[in-house]
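Down below is the structure, laid out as structure tokens.
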Amino acid sequence: MTKYIPVAVGGLSLLMAAGLAFPALAQVGGAAVTIENCGRTLEFDEAPERIVSIGQGTTEILLSLGLADRIAGTATWVSDLPGELAEAGANLPRIAENTPGFEAVVGTRPDMVAVQWINDIGPEQGRVGTFAQFEDFGIPVYVSPAECAKSEFGAASGDGARSEAWSSDLLYREVAELADIGGVPSEGEALIADSREREAAAARDAEALAAEEISVVYWFSSPEIDGEAWLAGGYGAPQWISNVIGLRNVVDSHEEWPLVGWETIADHDPDVIVLGTMKRRNQPADNVALKREFLETDPLTSQMTAVHDGRLVELDAHAMNPTLRAIDGVARLAEAISALGLTR
Amino acid sequence: MSYPRRRFPLGWFLLLAGAALLAAGSAAISIGDVRIPLPAILKVLGRQIFGLDLTVDPIREGIVWHYRLSRAVVAAAAGGALALCGCVLQALLRNPLAEPYLLGIAAGASTGAVMVIILGVGAGAVSLTLGAFGGAAAAFGLVALLATGTGGGTERIILAGIAGSQLFNAATSFIVTTSASAEQTRGIMFWLLGSLGGIRWPDAGLAVPVVLICGLLCLRRARALDAFAFGEDAAAALGIETGKVRVELFAITAFLTAAMVSLIGAVGFVGLVVPHATRFLVGPGHERLIPATVLAGAVFMVGADVLSRTVVPGQVLPIGVVTALFGAPAFVAILWRSRRTS
């Protein structure tokens with residue numbers, strides 16, 4: 001990845017990291033931060049000292065902002081931390097690997113909860129609790145802005161649907177807001193500048209790919225290995241990745257991860273199948289080896305062009321969610337697809 | 001319940017039910033997420049069944065032959081098997097409510113299958129079926145023990161069955177939710193409501209022979225089943241080795257249930273509704289009833305599967321939801337119609 005970062009930008013972030021002391025000192029004055037979040041107004045008189053982070057995407061933003069020592073608890077892990085964050089996040093307290101209980105979260109006595117998924121903590125209901133439940137304890141809940149635009153959390157797809165397409169702008173807004181709340185706005189600006197540059201570099205790199213129409217599906221996991229599959233919809237992070245690289249995602253549902261039958265997928269016969277890799281093991285098709293085995297042995301899917309011609313690409317499932325890793329995903333996927341020789 | 005005197009001639013019934021099965025099967029292979037024109041479907045069948053040299057898109061062929069047809073065949077076999085179980089259990093227990101789901105046998109089979117997966121004993125459909133059989137037999141034993149221990153009687157066995165199915169369903173849910181590795185087992189919904197989602201041809205290779213062999217074994221005991229309908233003493237007076245026949249038939253139903261649960265999960269209502277509906281049409285004699293019930297169960301299940309895939313566009317309902325949703329009103333209608341004659 002780092003090879004895409006021009007030296008100038010790397011130098012700039014170093015300078016900003018060195019200058020961190022000034023904004024941190026400025027915060028002591030107690031400039032209050034007010035943020036509009038999912039239809040509510042959150043006010044922070046001072047930067048929170050004990051943050052509980054639910055969702056690995058949020059945790060990684062906090063770590064990237066250098067806020068590791070303010071994290072009082074984490075939950076909902078999907079995979080290992082990326083190399084550059086491994087050291088900073090080595091000793092993070094984990095409340096739960098998956099969804100934590102309400103009492104366990106409150107029990108860590110946080111002065112703020114930051115949550116990646118609105119179906120963990122939401123306005124009316126949530127797997128952990130509701131906004132009101134946390135308000136009762138005086139704990140503000142910050143939800144990833146990417147989630148506020150979601151609706152329709154049906155039984156078939158617990159991840160909901162979007163009313164508008166996700167783009168990295170929503171991610172940068174989250175980074176900026178969390179940096180403001182945490183009292184490190186310049187760290188936020190540096191992270192955004194760095195990410196934008198990596199995004200642009202990856203897009204430049206993928207220009208050769210965009211010359212040809214390449215169709216693609218993103219397979220996250222499945223509730224049954226040989227049943228229907230959760231594929232990336234037309235408004236989520238994988239769609240954004242596809243747009244940047246110039247790929248055509250054959251699924252256009254507005255659901256985040258619609259459940260699609262292999263009949264339909266085989267009928268679209270995409271050029272490339274992107275397989276999610278993850279450490280998580282709570283759905284039958286979480287393991288990427290099982291995904292491959294199914295595709296190669298099933299009498300229908302083994303007939304698909306992508307399987308036939310060995311165009312199965314592995315991508316960290318975390319990069320398929322609206323997180324900082326989606327930025328890396330652009331470069332990784334562009335690289336993998338040009339390695340398949342799909343350029344003109 | 002009493003049945004009308006004028007009955008459908010068996011030959012006509014089998015002919016009509018066979019035609020209905022063919023129609024339901026045709027619908028099952030024509031309907032799906034992807035529209036495949038009829039000529040393409042016929043080409044696939046021509047190529048696969050008659051070995052004709054036709055050019056077909058391999059993906060369309062995969063969809064029609066490997067997904068839809070194998071699914072329809074297993075649905076038919078499972079429907080036939082569950083209806084047969086209900087038919088035999090209703091006669092043996094002299095209870096109109098007896099069927100594998102209500103008696104907790106299906107729940108026991110689920111628990112057995114899940115335990116085999118989690119403990120990792122053996123592999124493949126056969127060991128899964130054996131595990132399910134162990135669970136089904138345990139559930140049977142428990143229900144029989146509870147029923148006789150509390151004084152016997154036909155209503156006791158249903159109460160015992162309900163207790164048993166609650167217990168075993170809870171055990172299945174417990175094992176599935178607490179197991180460390182989800183990729184080994186299917187979801188709870190599969191074990192509680194059934195699914196035809198992952199069916200392929202090897203499953204049909206197990207389901208079809210099982211239902212045919214068990215069907216013939218039950219047919220061989222048709223006269224004994226007739227006699228059981230008048231009570232065990234009457235059957236014994238007719239020279240039937242009641243103990244032996246009873247054990248044999250219980251074992252067959254437990255095995256049939258186990259085989260089907262390991263393939264498609266626990267599906268209710270087929271075993272309850274179909275035998276009654278069929279008895280109403282062809283009469284209570286088991287020599288006629290058994291083949292008619294198996295065929296009717298097959299039609300019901302293939303039809304239910306088609307409905308499960310079409311009622312909500314773009315979404316597949318659990319098969320157990322459809323069998324109950326359409327089975328329950330059908331059952332009420334049967335009860336209502338029989339009210340005048342009783």
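Every residue gets a Cβ built from N, Cα and C, even glycine.
Note that this is a predicted model, so its numbers are computed, not measured.
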Checklist entry - Any idea which of B:199-219, B:220-240 is down as transmembrane segment in TrEMBL? => result B:199-219
Next on the checklist: So if I exclude everything within five residues of the ends of the transmembrane segment (B:72-93), which remaining residues of that chain have a CB under 8 angstroms from its CBs? That is, six or more out.
Outcome noted: 21, 24-25, 28-29, 99-100, 103, 105, 154, 157, 196, 199, 203-204, 207-208, 210-211, 214-215, 218, 225-226, 228-229, 246, 249-250, 252-253, 256-257, 259-260, 263-264, 267, 270-272, 274-275, 278-279, 286, 289-290, 293-302, 304-305, 319
Checklist entry - Under an 8 Å Cβ to Cβ limit, what residues of the same chain, 6 or more beyond the ends of the transmembrane segment (B:249-277), are close to it? => result 1, 74-75, 77-79, 81-90, 92, 96-97, 99-102, 105-107, 109-110, 112-113, 125, 128-133, 135-137, 140, 186, 190-196, 199, 203, 206-207, 210-211, 214, 217-218, 221, 225, 289, 293, 296-297, 300-301, 304, 319-320, 323-324, 327-328, 330-331, 334
Item to check | Segment-segment contact (the transmembrane segment (B:199-219); the transmembrane segment (B:100-119)) at 3 or more Cβ pairs under 8 Å | outcome: no
Checklist entry - Would the transmembrane segment (B:157-179) and the transmembrane segment (B:125-145) count as touching if the test is at least 3 Cβ pairs under 8 Å, pairs 6 or more apart? => result yes
